[in-house]
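If you look up TrEMBL, you'll see 42-282 marked as domain 'ABC transmembrane type-2'. According to TrEMBL, the transmembrane segment annotation covers 45-66, 78-95, 128-151, 158-186, 192-210, 222-242, 257-279.
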Amino acid sequence: MSAAELVQPGKGRGLRDLQSSGFLLKLLVQKELKVRYRGSVLGLLWSYFKPAVQFAVFYVALGVFLGLEKSSRNPTGLPNYAIYLFSGIILINFFSEALGNAARSIVANGNLIKKIYLPRELFPAASLWVSAVHFFPQLVILLGACFAVGWRPNALQILSAVAGFVIVAMLALGLGLLFGAANVYFRDAENFVDMLLMIATWASPVMYAWTMVREKAGETFYFFYQMNPMTIGVESFHYAFWLPTTDGSSLMPDNFLSLWVPIGLGISFILVLVGQFTFGRLEGRFAQEL
């Protein structure tokens with residue numbers, strides 16, 4: 001018998017298997033996109049229309065009716081509220097789609113998992129990539145709007161946008177692995193994820209200023225609020241896309257780049273490790289449970 005390492009059936013090397021499975025990942029992403037838009041007239045254009053409608057509703061309701069936008073009649077509001085709002089919406093939409101689909105990805109591909117072996121992590125990873133395909137057209141629209149109102153970012157602000165996206169992508173992947181595995185055994189997991197996503201939209205400063213949380217809830221609650229990687233990711237996008245379009249007097253959290261961005265990256269990375277560990281412990285019986 002050779003000295004080759006014996007591997008337990010149904011288990012692989014975790015996310016490291018994705019390095020050698022790029023072609024399979026590409027096929028899964030293409031399959032997901034084809035299935036989603038099969039029979040659709042507009043196809044990928046829905047990735048433009050849905051956030052546009054969502055933005056319009058929130059802008060009118062919050063910016064106009066509730067007075068969150070700065071104007072001559074409301075000098076205490078947020079300047080360029082449209083940029084502030086849209087930069088947060090596209091990031092929270094990316095997170096919501098990625099996590100929601102990743103949590104269902106193993107069960108949704110149960111027939112394939114029962115027939116052949118391939119790295120199970122491919123399915124949550126494919127969900128993340130599909131969400132990225134929908135995210136980047138929205139990012140192009142945001143960039144166009146920013147340039148139209150005088151966006152002139154510096155290198156730190158560009159890096160902040162990259163860091164914000166990485167934070168949210170790792171957060172979605174880590175939680176997607178965790179809940180994707182749990183959903184095979186307990187179908188309540190996907191309902192819990194739906195509730196979590198509903199809370200996430202309002203638990204980060206997508207539609208309101210972070211200063212409102214500190215003023216209304218106090219420093220203790222604000223500290224835990226700020227520890228949320230989603231909050232840090234959204235603020236990173238605000239720092240990159242919204243702040244350069246203002247006069248620079250708008251506040252960002254203290255030590256944002258030197259403290260909070262590294263904390264966000266660290267927490268999200270830990271969640272990826274936790275998600276991968278849980279996924280690895282449970283994946284051995286996926287085929288039987290499905």
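Cβ from N, Cα, C; glycine included.
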Out of 78-95, 128-151, 192-210, 257-279, which stretch touches the transmembrane segment (158-186) the most, going by CB pairs under 8 Å? 257-279
Do any residues, 6 or more residues outside the transmembrane segment (257-279), come within under 8 Å Cβ-to-Cβ of it, and if so which ones? 14-15, 120-121, 124, 156, 160, 163-164, 166-168, 170-171, 173-178, 180-182, 226-227, 229, 232-233, 235-236, 239
